[in-house]
Amino acid sequence: MLSILKKLFGTANDRTVKKLFSEITKINSLEPAIQKLSDEELKNKTVEFKEKLKNGATLDDIVYEAFAVVREAAKRVCGMRHFDVQLIGGLILHRGMITEMRTGEGKTLVATLPAYLNALTGKGVHVVTVNDYLARRDSASMGKIYNFLGLSVGCIVGGMPDEVKRAAYNADITHATNNELGFDYLRDNMKYSLQERVLRPFNFAIIDEVDSILIDEARTPLVISGPVNDNAELYGKIDKIVRLLNASDFEKDEKLKTINLTETGITHIESLLSKESIIKPDTSLYDFENLTLVHYVNQALRAHNMFTVNVDYLVREGKVMIIDEFTGRVMEGRRYSEGLHQALEAKENVKIQNENQTLASITFQNYFRNYPKLSGMTGTAMTEAPELKDIYNLDVVAVPTHNKVTRLDLDDEIYGSKKEKYDAILKLIRDCYDRGQPILVGTISIEKSEELSSVLNKEKIPHKVLNAKFHEQEAFIIAQAGRFKAVTIATNMAGRGTDIMLGGNPEMLIEQLDKEHNYEAKIAEIKAQIAEEKKQVIEAGGLFVIGTERHESRRIDNQLRGRSGRQGDPGKTKFFLSLDDDLMRIFASDRISGVLRTLGLKDGEAIHHPMISRSLEKAQQKVEGHNYEMRKNLLRFDDVMNDQRKIIYEQRTEIIKSKDSHGFLNSTTEELAQKIVLTFMPVGSYREDWDIENLSVELHRVFSIKFDHNVVSKNDVTEEEITKIVIQMAHDIYKSKEEAYSSELMHNAVKYILLTTLDQVWKDHLYSLDHLRQGISLRAYGQKDPLSEYKREAFNLFEQMLNNLKELFIQTVYHFHIDLKNVQKEDVLLEYKKLQKNMRESREDPAFSKYNAGSSIETDLKPVVSRIDPKDRNPDDPTSWGRVSRNELCPCGSGKKYKYCHGANE
């Protein structure tokens, strides 16, 4: 019934596109008049548009004319005229939606339309790409159009100094990678001066390959961290011990990606640890004194049994480098969290780097939701449309192709074993190669690509391998994958963003030329060669894309198919599968193997059966659903931290902007003075119960006040009067500092102290949230909702952090005894630059991140070490208390706060 209605009325997407086509006629009707304009008149349109906006017009009032102007500018500058479907894509982007456009449909050119229009407001537009190469390429090629129309263009890539970045961000249109944008946001919120920041306020972002950034990388937080304790030696010792364990000593679950010691494994490892004198004889690994070792053992187990070299990571130049599971690229600068990276370094016998503590972090989910207006483009988004709407409130519109797709997608072939599958792939490659038909073979890992490469080498078939090991040549290799007799092996979607043109890409070949010798003649020769090869390739059937395995996501499979058949070119695609494939082995039905045998599958034979295809699709849907839930769950938890992050960053900015720091200082002084006095002189208590001795100690500790006991000896003195006296004494101390060093210098000093103190307590708070997050899933065993518990405890920790901030700030201000004349703005910036040298930027692994609640095997350890439920604490045994807040009542039962009792010496 539903299919009949769709045929009659069309889908919602069809109706949207039809409506947009009616708007395109308005743009096309303006073209004749725009074509008659001189270059100077066309450029002046930008000034005219800005004037209209200044006088109250909206972007929607000028959208059609602006698009017509960009189309004409592109034609004059680059020789490219926007097709009608590209204009539709531009309207979709301008309206804050995602446009799905097939590979080769010119998404880069489409982005110029909304980028130009929205840049007219002067607030800046960010065009976001997935790597530095694409950011440079697009800013250079499309920048010609913007410059012609009088707009400035910037490009952000890794390693740029701040002054260069600042100029690039101040441009009308800025091309940047998603990583650099996120890290610059975090870095800006760690600086001590507004002038040092590089970013402008958020306005509008257009994300290229939006599905890759907002979905594939959504679970991967951007993290800036600083070094902590050096435990390299211990990682090395534990690694040697874990190598001695037997298969029966642990059990792992590939679906959940978890690994745990068995009872026999615990006994075995305890004896090994004891022999190496790492734990005392007759003690357990889970005794309180040894609990920290559990973390090292678990990470070493993961490193040896859940991670494979050249699949999950590779070793290059003595470093362990992570391979992105979705693109097959090396993730430069990214390190696994929680000591896992150190465990891998120990496993591979390379130098073990120090662990790091988080100083700032954010996920792409929350970073990109900062933009008031967000849009994106990709070749594959419809399968993820519900998630994009649910999480980012972004609608997806699929735009029809300019030319009809003639590519032929052949049925999958399924074999009983990997060897049989490879034999079939080899046979097809040989056939295509002999006919000159170019082939792109997609694999899911470096290991698989090199495995296939060795098979082709034995058969003496020339080919190129594109994977994380050759990232630098990625764009060039993929661009030439459409040449006559070309055979290219690529991991996953490496090279995404670069079109495969039949016959080859002349521009990239021209870039390789020596400009000093016969340059023009060589260009003509290359163009003639490419034209001839294109004819040969079309006659051979176009690009043949071979998939060696199904990916967990149907979208990734569709991306691979989409490399063939661009702009109406001929082409074919085919997937080859075996029962040994990860997806089949882990997620598909266990009955498939039996069914194949029942159907009479023999060695070397392939089978096509609807049930197999359905089972595969169900397996993919199951994994997609599982990953969606994980991303959704991450967002629910991360929103808690995000709300707190926004408050802290807003407060930090207000502090930097403030011209008078005395307001916060005075109010906090009064608040703490009252709190301290009432702690030792409770309201309504008898004078003999007043603890004047400890009151004096605490006032000196916090305010540097030398409290005169004689003040209390007066019979009629009250707690309120004592509070007023203490506040006045504190003000007098501060006033004496102002007289000695001037109000301006004290203002700078107080502001600097407040900022550095805020940074310190925020860093400690992030650490506490990390520990809380890792163990929160265990609350489910107690019939409690982990998310509700996390929200409640995170709020309590946040309140505690604010209290700690006030106390540390006041304590530092009143105890300042250094030469305050030297605390200038320049010194503040110098301090930040010193900190910057030791900071590390990283991307945490999505599968084994601390944010992946439920899959982390430290969950047994961290809640015990960090916080203990008060009712489980033994008053007579401090080792059972866990971490105690300074402002909590001491667990010993004395009735005093912990900081005045057992925590007095901490």
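Placement of Cβ uses the backbone N, Cα and C atoms for every residue, glycine included.
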Same-site ATP binder from Asp423, Asp431, Asp434, Asp499, given that Swiss-Prot records Gln86, Gly104, Glu105, Gly106, Lys107, Thr108: Asp499
Separation of alpha carbons, Cys890 (Zn(2+) binding site) and Thr108 (ATP binding site) (Å): 63
Euclidean distance between Cα atoms of Gln86 (ATP binding site) and Cys892 (Zn(2+) binding site), Å: 72
Densest Cβ neighbourhood among Gln86, Thr108 (binding-site residues), 10 Å radius: Gln86
Residues that sit under 8 angstroms from Lys107 (ATP binding site) by C-beta distance, when 6+ apart in the chain: Gly89, Thr99, Met101, Asp208, Met377, Thr378, Gly379
Between His902 (Zn(2+) binding site) and Glu105 (ATP binding site): CA-CA distance (Å): 69
Per-residue Cβ crowding (10 Å cut-off), top of binding-site residues Cys890, Cys892, Cys901: Cys890
Neighbour count (Cβ, 10 Å) for Glu105 (ATP binding site): 24
Separation of alpha carbons, Asp499 (ATP binding site) and Cys890 (Zn(2+) binding site) (Å): 66
Pairwise Cα distance for Gln86 (ATP binding site)/His902 (Zn(2+) binding site) [Å, integer]: 70
